[in-house]
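*Asks:* The structure follows.
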Amino acid sequence: MDLGTTKYIIYTELIADGYVEKHDVIGAIFGQTEGLLSNELDLRDLQKSGRIGRIDVDLENINGKSFAKITLPSSLDKVETSILAATLETIDRVGPCFATVKITEVEDIRVSKRQYITNRARSILRKLMDEMIDTYEITEEIKESLRTEEIMEYGPENLPCGPNVVHSDSIIVVEGRADVLNLLRCGIKNTVAVEGTSVPKSIMELTKKKTTTAFTDGDRGGELILKELLQTCDIDYVARAPYGKEVEGTSKKEIMKCLRSKVPVEQIVGNTCNDACNVSKVIEDTPKEIFEPVTHKYYEKVETPVIEPVFEGPVVEEEIVVVEPVKKTETEIIDVDATNEIQADRKFSGVKEIVDSIKNTGNVKFVVDGTEKTNTFKEFLTNIHEIKKMDFFAADMPISQKIVDLLYDKTPIIVGKEINVTKKPVNLRLFSFDEIVA
């Protein structure tokens, strides 16, 4: 059915009590409506002028009855179409048979067309929006191409690196090329990749010259690379991607957070690679202010203690040298012989027993108001803000400058596996395990 300029379609059902044919139905429509209305609404004249379309009849004969579905296109207005539809229901005979006619629907073709237009326009717009590249995407695409061009190669192994690796005072060591590219997207240009678990010699040499941060994935592979780096390179800081994530898939916000929370190697629990691999958890559970450097006005340089040979016989204590200030200030007393400090601290009740109890455990033990407490170093750091004063602190780990800065105003005595500090307050006494058990 060619709709052309059709505005409405009249759908009609006809039931005849006997057997009739299609031309009988068409004849009844024209014959029984003729003269009912004015000449302006005569079906023959309307059809000749093209204001109504071709009448379509779909007829079936079942059990001696005839059932027909009639469609009549109309380009008349709404009122005239309604009058024409009502006129069709006046048909009561088709050929020799009685018949009934009922209008089932008058469809507004323009509504259907509007719905089609709406749906099609939505589809076209969606396609256009999918294909359209906005200004932001164009900018990012250009930046991405420039960043890709910024990737350089370092050393005889042609390792992927950022453009500032050679000239920067500090570098970030990552796993692969994709990690370098992701950090370039974040504006970080002093990165270099090891390209595998076997650390190249050029990386080993580079870490000796520059402040180095190892930034590895938050998975098992990242742990293996971190172990290798700690064993072969001079690493100063360690940062880990969020647990289960890779550096190349980490967002800019997460990368910046990880790098800001990097942990000095000395702060990692113990002195083993397995402990180092838990640094991401240490970072999450440790308050930021713990890692801030502390400057104290009463610092003195720590000189290497000279241990005099011990001879049999009565112990003769060395004379304590008192440095008198020019002005009237507090007297600063500096022990000349570290052996005397060891002997003095042996008077502290149970020091040797405390040291023996935490050896090879990685734990710390401290005394608060005469009560001994044992924790892991991570638990101790978490609860450090609750501790005001300690009588004594011992840790099964090297004592670094960071630990001294953290505890100098909380305890007068610190004992550790090793003492690796450059300066200490004069009122703080530091001893290694070997000095305690000697």
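Placement of Cβ uses the backbone N, Cα and C atoms for every residue, glycine included.
Features from Swiss-Prot:
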{"type": "DOMAIN", "residues": "169-243", "note": "domain 'Toprim'"}
{"type": "BINDING", "residues": "GLU175, ASP217", "note": "Mg(2+) 1 binding site"}
{"type": "BINDING", "residues": "ASP217, ASP219", "note": "Mg(2+) 2 binding site"}
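Walk me through the surroundings of each of these features.
*Replies:* Averaged across the domain 'Toprim' (169-243), the predicted model reaches a pLDDT of 89.
Taking a C-beta cut-off of under 8 Å and a sequence gap of six or more, GLU175 (Mg(2+) 1 binding site) has these contacts in its own chain: ALA193, VAL194, GLU195, GLY196, THR216, ASP217, GLY221, GLY222, ILE225, VAL247.
Summarising the environment of ASP219 (Mg(2+) 2 binding site), the number of other Cβ atoms within 10 Å of its Cβ, over all protein chains shown, is 14.
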*Asks:* Under the DSSP assignment, what numbers of helix, strand and coil residues are found in the domain 'Toprim' (169-243)?
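*Replies:* Per-class counts: 31 helix, 18 strand, 26 coil.
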